[in-house]
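Scroll down for the structure; my scribbles are underneath it.
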Amino acid sequence: MKFGKTYVTHQIPEWSIYYMNYKQLKKIIKSIDSAANTNVDESKYPEVISDTLGSFFYDLDRDIEKVDSFYNTKFKEYNRRLNKIFQVLGYQDGQITHNIESSEELDEIINILIELKSLFRNLKWFAELNHKGFIKILKKLDKKLTSILSQHSGVSVGGVSNHNQEAYMGSRINALPFANGTEASNCLDSIHHILSRIETRNDVVQETIPVENNETSISALIKNDDFEGLKKHITIKSSQKFLISTLNKAALANSTKCIDVIWNQLDMLYDDSDFNGRNFFHQHIISLGKAQFIREEQIVPGEVTNRLIGGDNGPDNSNKNDNPIGLLYILNKLKHKRLILAEDHYHRTPLHYASQYGLVEVTRYLVEFGVKWGLINTSISIDDVSIWGDQEGLTPLHLSIIGKHPKTTETLLGFNKAQTLTCPNLLLLAVRLNSPQILNSLIVEGNIDVNYTDIDHRNETALYIASKLNHPDLVEFLLESNANTEIGENVFGWTPIFIAASEGFMTIVKLLKEYGASYDIVDDSGWLPMEHACLRGHLDVTDLLLPKNEKLLLYDMYHPENNLPRIPSLAASPVLTGSDDGTVSTSSIDKLPEPQKNTVNQFYKQLKNNSSNNVSRSTSPKRNKRYKPVKSFGHRYLNEDESLILLTLGTTDLRDTNVPVELNKVSLAKSFATELDTALSLSITCRHKLTNNPVEPPVVVDLPLEDFHGSATDPISFKLSNDLTVNDVIITFDIIPTYQVNKKVIGRAIALLKDAYTKVGPNLRSLNNSIAIPIIESTNLDILGTIRFEYLQVLPFKHKAMSIARSDTYWKQLVSTRVIGHRGLGKNLSGKKSLQLGENTVESFIAAASLGASYVEFDVQLTKDHVPVVYHDFTVAESGVDIPMHLLTLEQFMGFNTPTEKPTHTVDDEVLTRGKQRAQSSYQLSNNHNDDIEKEFANQRDERMKFTKTWKNQGYKGNLRGSSVASNFVTLRELFRKLPNNVGFNIEVKYPMLDEAQLEDMGEIGVDLNFFVDTILKVIYDENTTGRDIVFSSFHPDICLLLSLKQPTMPVLFLTEAGTAPMYDIRASSLQNAVRFSKKWNLLGIVSNALALIKTPRLAQVVKSMGLVCVTYGTENNEPELAKIQMRAGVDAVIVDSVLAVREGLREHNETMNEFEDSPTE
């Protein structure tokens, strides 16, 4: 998962405004790249960079000051509270020297220590997250500057350094207290030590009340309201603390007679020795609100617990009887009336605690008596922090909302009707907590403007936040309350419909449209909501957001003056990034790092000098400006003694919603000794099985994981050298405290990779890759939780013909878009009026080449005896049953389509090669049988095929005799020998993903991935002795990365449905994920379903901006006009069925391109 998202999700909600503004700093860095893509005079470029960097470091310094100030303030306050506990316990040199008078006092101390531990932990979490943010943003800046400086190597950019991270962290940040966290760590260690000592010592409590079993005895008397019996325990010598504690029990039991007995002995309702400064009302209300003693609570290890949420009794304490008869009885007897609103050491009144715990009736009594006695000024708002704020700056209303107590909130607002609330940001808090009732109260009773925005913090409205968090009920309520749909945040200029579209929230998009939200506007980067939705694979949402003027979607990178001007949203910056030359900014598209610019420069030299095989064209500077780099040969691959382990936490399957790292709940009492209540991390280490030494440094991941599939697009990798394999290593998963210097291992899981997957036969594997192993606690060997993961080992490929000597590139950015023949001359379709050549046949490939196809595309699979053959479907329907290819031998497979006539009676290869026209009647079709028995046999075979799933789903079968000019099946080896050397091969390596295998009902077993790829590569290196151009492609992500890592010369394209069809592997689920995957594994580019780029042509520039080739496929490509739309947008190649028609249709466009290139440029 990208840091930008985890940064937000890992923040302490009530401290969110004090974090560094990572998003804003990231936007400034991206503005450098936007300037690089425009026609800025290179002489002015150093000035542009200098100005941008000045803005960046100014904002960065303000963020550092904000984080440091907040951290120091909080630490000082928390440390003061901790020192007070040290004094009470006499804690020094690791020893507790004082005894506690009662178990109740001990419980109170433990409660305070646990709260302080939570506070220090949150503060440490706050510091660590900001520190990591500063490192990340400076690293991102250095990476961007390195890329730009290498690109503009001829321009002197004085004073600009690309080593800011090291310099700035060392001189400016690391010296500050929050950056090292030593003081907070020491405080946490002290608290942990005290709690551990208290749990193991029995002599800490020294009961001062002389009656044996007095607590049990007194509790029984109070429960029965036995005031006569209670009198025997109440004496003049009873301490004030004891009397207050006993009065609290009597009030809880509503025992009014016992209250009278205790009342007569009490002088005051507070004890000066109370180390929290709390009086009776504080203590009583806290006791009313608590469901259980805090040490008995269950927590999820490693998660941030919100200490401000009052107990587990539900909204407004609904799971507990809120009937404070005892409290009301005492209030009516009270003389010292100011006690009901007295503050403790944390500046909290009893009303604060009543609001925190959602005690509706108690809150009402306190407010009513406070107003009646003149203690509450009704002219002051209940959320006025200057009057009602505690040490955290929280008022009773804040606490009620944070605790999600709607009735308590309504009660507080009830006496505040005349006043408008002073903290309108409570509206945004209520939305984040998904509480419609509270939201309604704030708008109606609190008079908060429904369109309030926090200008200093991203300018997000309640409607925007509700849309972002996918709360349809809140969105509908806000829209009914006249929320403005056109107010957006100030980072990307996104209105609510942008965020809903990008996340694929269809219900919210429909609601926003219904209430008139504009969706033909663009954000700061010039992108429409529809384009954001399409990029992320939400094509159902895309169709809802079609602009009224559909021509807004068209994009011409060659003639930008033809592009219609786009209307920015009200939230967009006054000047959109972009330029007159047609460059498209992608700053809000979650861009990946730019490729190395020296590769670009080398590529353009080759393009200029080595274009003899193509249309002779010069590349104008104007055109150079637009093109991003295309990869060259010699990409990183595995040496013969190396292998790679790729480990994915969780799974790549979007249907699997199991948590990758699941930790069982533990009691807080247990967490004292185990440190499970601290922030936790997962340390993953690859170790040598015999020596236990790490093979590579461990990879540390912070818990909890917010994205269950985030690791899929960026798996954890361990490189094994010196011929090490999975047989020689183990993987350890250690649960460790995130912030402690000495990383104690709390729990461990161990995976023996050799035996992790169930064996299903030689050179075979199960398509189910998920592995679950238990985490064993280190102290008592209990099961702490479970880890789920997948792994893939990439083994090296060895062949004597493999080398990286060739330094040019197969794929040059040509003037005319390439045409690639789909399955040869085209995919066979049912109902075609013209005669079709059989798909994936030699005749079809030759015909495609003769008609002008640069490459022919075909599918390769392995037979049972491991021979690569050319065949498209996963199951071979010609057999009459749904049988997978890997269960048929070559002989069986080839026999299914062997003609009964002599070859001379089928099709004239010479005619196909020449491309001459012949009358259809002159062909001898393969279903003209000379023998009735053979005819009957063929009919029976065709009839059997109609029972297969392929036939039932499609109504036909490609290369079927009678519906096409059918021919023999062919092996990959034969194709190399039969097709002309000038015809390039686009080899689609066909391998089923789990969901595809399940859809085809073909069983969930496949050929071992390494063996599968190695077998195909061996045939290619054996046969390709003439330097034929070869490009690989595959829908299977693992096949693509194996092909990339096993050899250095043949480029790989990743095939993607781009959201046009459901794909459950997250890497194949959208165009955005396809781009990320291709970039990560150094692939040449992507082959996308054409529909996505026809709907939103500008997305081609997202692909190109990453230095990736963009190819499309699909029936839409058979329409020349649709092919032209893609070509104008920058698509490199189209895979088509109608080779001749599309090639002729594109000729006009190519001539236009010639005129464009030959025209003078400024």
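Here the Cβ of each residue, glycine as well, is placed from N, Cα and C on the backbone.
Pulled from Swiss-Prot:
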type	residues	note
DOMAIN	1-155	domain 'SPX'
DOMAIN	817-1146	domain 'GP-PDE'
REPEAT	346-375	repeat 'ANK 1'
REPEAT	392-421	repeat 'ANK 2'
REPEAT	423-452	repeat 'ANK 3'
REPEAT	458-487	repeat 'ANK 4'
REPEAT	492-521	repeat 'ANK 5'
REPEAT	525-554	repeat 'ANK 6'
Any residues 6+ beyond the ends of the repeat 'ANK 5' (492-521) with a Cβ under 8 Å from its own?
27, 461, 463-464, 466-468, 470, 472, 475-476, 479, 485-486, 528-530, 532-533, 535-538, 540-542, 544-545, 547-549, 552, 566-573, 587-588
Chain residues in Cβ proximity to the repeat 'ANK 4' (458-487) (below 8 Å; excluding those fewer than six residues from its ends, i.e. six or more beyond):
23, 427-428, 430-432, 434, 436, 439-440, 443, 450-452, 494-497, 499-500, 503, 505, 507-508, 511-512, 514-518, 569-571
Its residues classified by DSSP, the repeat 'ANK 2' (392-421) shows 16 helix, 0 strand, 14 coil
Can you tell me how the residues of the repeat 'ANK 5' (492-521) break down into helix, strand and coil by DSSP?
17 helix, 1 strand, 12 coil
Secondary structure tally of the repeat 'ANK 4' (458-487) (DSSP, helix then strand then coil):
16 helix, 0 strand, 14 coil
DSSP helix, strand and coil counts for the repeat 'ANK 6' (525-554)?
17 helix, 0 strand, 13 coil
